[in-house]
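Peer 1: Annotation comment: TrEMBL describes 53-258 as domain 'Calcineurin-like phosphoesterase'. The feature domain 'TMEM62 Ig-like' is assigned by TrEMBL to 307-409. For 6-26, 467-490, 497-515, 527-548, 569-593, 605-622, the entry in TrEMBL reads transmembrane segment.
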Amino acid sequence: MLLLRIAKYSVFFTIIYLLFLAVTLYKPHHLSKSEWMPTNPPYPSNKASNLFWFVQVSDIHISRFYDKTRGPDFKSFCSTTLSAINPEVVLVTGDLTDAKHKNLYDSEQFLDEWQTYNKVLQDTKVLDKFVWLDVRGNHDVFNILSDDSPANYYASLSGSKGKLSSTTWNLVKPYGKYSFIPVDASIMPGPRRPYNFMGHLSSDEVKKLQIEGERSRKSNMTIWYGHYPTPTVSSSAAVGLRSVLGHFGAVYLCGHMHDLGGLFPHLQAMHPSGFLELEVKDWKWNRYYRVIAVDHDLISYVDMPFNQWPVVLISNPKPARDMIPKHEPIGRIKKSSHIRFLAFSTARITKTSVAVDGVITEEASHVEGPLWVCKWDPSLFKSGVHVLNVTVEDESGATNSHVSRFSLDDEWPIDFSFSATVILLTDFCTIAKTAFASFIAIAVTTIMLVKRYGVQIPNENSFIQLWLFRLQLLISDNFTFYALIVFLLNLAIGPHFIGEIVTGHIGACFVYGLLIEGQLVSEYLLYAHSISIFIFHYTTAIIYLSYCAEVRWMDNFSFKQSFQKRKTWLFHILFLHVVLCHCYSCLEVYLSYGTLSLLLSPAKLWWSLMFIVLTLRTWMCTRRIQRRVKF
């Protein structure tokens with residue numbers, strides 16, 4: 001028992017220590033100055049040159065069943081908002097349509113949803129006005145067997161029909177070339193939901209990204225864009241996605257996470273490999289979009305809610321936290337002569353105000369288009385962090401501000417949310433896989449050791465020994481012992497269920513992937529889901545059954561008599577919890593994949609029935625328990 005205590009505390013302190021290391025060793029700007037991009041003219045001034053801007057919007061989720069305002073609002077965005085901003089490029093980073101049934105479980109590609117999306121593009125003529133790059137997301141490949149499938153409406157009804165957004169697109173300007181490279185990590189075949197959430201890149205796909213990145217080396221800047229944030233993309237390649245992105249590109253623009261239900265409105269982080277990852281709030285619920293400016297090869301951005309004007313974006317000096325010295329000539333800020341900002345509105349801009357550290361500067365002047373400038377002296381701000389506040393008012397009386405914290409002394413604060421940084425820098429795919437394997441190994445080892453060597457009757461102060469003793473009472477019945485082991489092995493290596501993973505095509509779901517038409521499709525969400533099955537279906541069931549075995553062994557109570565004990569009431573509530581979890585799990589697989597998947601589901605229906613059998617057997621086998629337990 002001493003070894004168990006040591007192991008318990010060792011795990012606890014190891015986790016604390018690793019978190020401490022993660023916080024203290026995280027250095028996003030660790031590059032030596034010799035690795036920084038060199039600073040050459042031109043420098044930001046009062047001229048409307050070396051400047052362009054573009055827009056990102058993500059997760060539109062046009063639905064035939066829910067929120068009928070998404071389509072009309074998106075049409076208004078395309079006609080009014082984009083006309084006012086007039087970007088060079090529009091990036092739509094996935095989930096163009098919803099593709100979910102009314103029950104929110106089953107999924108398929110609905111032609112009318114795609115027609116609605118395409119009609120918005122045609123009616124507003126955005127394809128004629130702007131370069132439209134719409135990459136697909138996981139919802140856009142729900143229930144699709146292959147790229148050649150008739151249900152792959154992305155190939156015929158998306159803005160670029162999958163052509164522009166399947167390869168590098170270069171924006172060529174008199175002052176340089178800017179490469180936009182898509183990262184399409186959607187899995188194919190595309191299973192029905194829910195097991196189509198994580199992205200995956202094969203070795204060949206990663207190699208292709210490396211080739212595209214290598215070709216863009218002579219570009220002024222490389223901008224990556226895709227649907228999936230990097231923590232949700234697994235890869236079979238030796239070189240990970242983050243390494244490729246950081247080696248060649250300045251920024252990765254993505255969506256997919258929907259700001260995690262409002263818990264993390266700013267999922268943004270600087271990666272140690274040297275690139276900025278920016279997830280944008282969704283259109284589906286939040287109606288957000290992003291305006292990004294590249295001013296003298298310095299990138300800045302602002303996230304805006306739909307129909308809020310004016311839009312204000314400071315492009316020089318850019319925020320200290322967003323410095324990308326590996327891919328930006330950040331020294332240009334120190335040699336700039338003017339503060340520069342963009343102001344967009346549907347009404348004429350009538351008034352601007354610029355303040356540095358609370359001190360109003362001279363009045364800004366309009367240069368051309370949305371560009372405004374205000375003369376400044378960077379040498380006055382050589383050290384420390386300073387606050388730049390730009391306020392703009394338009395003819396309608398609407399006002400808006402953009403606040404930027406900048407620094408010119410090369411000591412940049414890490415202003416990103418700690419939780420957002422942890423989320424975006426964590427390799428969830430590896431963690432989920434490792435955690436699941438650890439849980440299974442610990443569970444199997446514990447059951448086998450307790451079965452083989454037994455446990456002495458515990459004293460009152462030994463919590464762990466008490467529960468190991470209760471487990472011993474439970475698995476003294478060989479039928480129960482083998483049932484628990486077989487379920488664990490099935491969860492680890494066997495099929496969880498067999499059914500129509502893609503409509504009309506029978507496949508099998510394993511923890512390590514989905515077998516469809518002879519292809520094993522990686523989906524690391526299965527590891528996370530299997531962990532939840534292990535905890536809420538398996539572990540809680542063992543806790544309940546072990547306690548019941550002890551009640552039968554000590555008091556020889558029947559199930560009905562057990563209600564006389566107050567403590568047993570609590571465990572019967574746990575029984576109800578386990579049953580409800582099993583019912584929900586069975587309902588989910590039935591609604592998502594059909595009747596066959598429910599009937600052929602060892603990890604769902606079969607384990608639910610086995611739990612009932614084991615419960616009945618535990619309450620009925622007193623003599624067997626008394627005879628088989630050894631002390």
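Using the three backbone atoms N, Cα and C, a Cβ is placed for every residue, glycine included.
A TrEMBL annotation is a machine prediction, not a hand-curated record.
I'd like to know what surrounds each of these features in this structure.
Peer 2: When pLDDT is averaged over the domain 'Calcineurin-like phosphoesterase' (53-258), the result is 94.
Panel annotation: around the transmembrane segment (497-515), residues 108, 143-145, 189-192, 195, 436, 491, 521-523, 526-527, 530, 589, 593-594, 596-598, 600-604 of the same chain, lying at least six beyond its termini, place a Cβ under 8 Å from a Cβ of the stretch.
Sequence-distant contacts of the transmembrane segment (527-548) (same chain, at least 6 residues past either end, Cβ-Cβ under 8 Å): 194-195, 428-429, 432-433, 435-436, 439-440, 443, 467, 470-471, 473-474, 480, 484, 487-488, 491, 496, 511, 562, 568, 571, 574-575, 577-578, 581-582, 585, 603, 607, 611, 614-615, 618-619.
Away from its own ends, the transmembrane segment (605-622) comes close to residues 474, 477, 479-480, 483, 487, 537-538, 541, 544-545, 548-549, 552-553, 556, 558-559, 575, 578-579, 582-583, 585-586, 589, 598-599 of its chain (Cβ-Cβ under 8 Å, at least six residues beyond either end).
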Peer 1: With DSSP helix as H/G/I and strand as E/B, how many residues of the domain 'TMEM62 Ig-like' (307-409) fall in helix, strand and coil?
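Peer 2: Helix, strand, coil within the domain 'TMEM62 Ig-like' (307-409): 11 helix, 51 strand, 41 coil.
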